[in-house]
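If you look up Swiss-Prot, you'll see HIS173, HIS175, ASP186 marked as Zn(2+) binding site, on the strength of sequence analysis. According to Swiss-Prot, the domain 'MPN' annotation covers 102-224, on the basis of sequence analysis. The feature motif 'JAMM motif' is assigned by Swiss-Prot to 173-186.
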Amino acid sequence: MQNQVESLSLMPREKLLRFGAPALTDEELLAIFLRTGIKGCSVMQLSRHVLQHFHSLRGLMSATQTEFCQLKGLGITQFIQLQACTEMSKRYLQEELKLTQAFKNSENVRFYLQATLENKEREIFQVLFLDNQHRLIKQEEMFLGTINCTTIHPREIIKSALFCNAAALILAHNHPSGNPEPSASDKMVTTKIQAAAELVEIRILDHFVIGKGCYYSFAENRLL
């Protein structure tokens, strides 16, 4: 109780040093990033206003340069810094996948795929190639555009898998509409890839469909 009361009286930087970053609210984390407020507006007030404008950290971090810089108190310097922080986070998650048994940390896989795919304007079909201990060998964007049976070629996926000696695959693609519910075509493509993979004893561990702040897992829904 004493620590809780004490944390309320601390500025964000001091609070982070005392209790660690997870103890901070979104507003406090953003205030540290912004560093200073503007005339007539403290940094905490500015942080609160920014989050209200973009609705969430996700909304802020996915904003375009124009959307970001049109808000009073934000400029090109902060936009560049935010893009750098976002990219470092993505690369950190990718390194985590390489250092861990990927499927035993499926939440990390999902977070990484959401970070890399959910704000894309076109559909992108990615494949994570894993070894027999489910560690990441490589990640590859295989196909761009509308995902259907005419644009996705299972043989190309299997060819890449055999070339890098992959034992298992995780499939993923995004829905720019924001709705992750798989289409009939998504299901058919997944079935064809799974059938082709089984012929060479490669497992399909999951197929993630990434929407806006949400996802659909074929494995979790027992479609694999």
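Glycine is no exception: its Cβ is also placed from the backbone N, Cα and C atoms.
Break the motif 'JAMM motif' (173-186) down by DSSP state and the numbers are 3 helix, 2 strand, 9 coil. Across the domain 'MPN' (102-224), DSSP classifies residues as 42 helix, 34 strand, 47 coil.
Cβ neighbour count for HIS173 (Zn(2+) binding site): 26 (other Cβ atoms within 10 Å of its Cβ, all protein chains included).
On the 0 to 100 pLDDT scale, the domain 'MPN' (102-224) averages 88 in the predicted structure.
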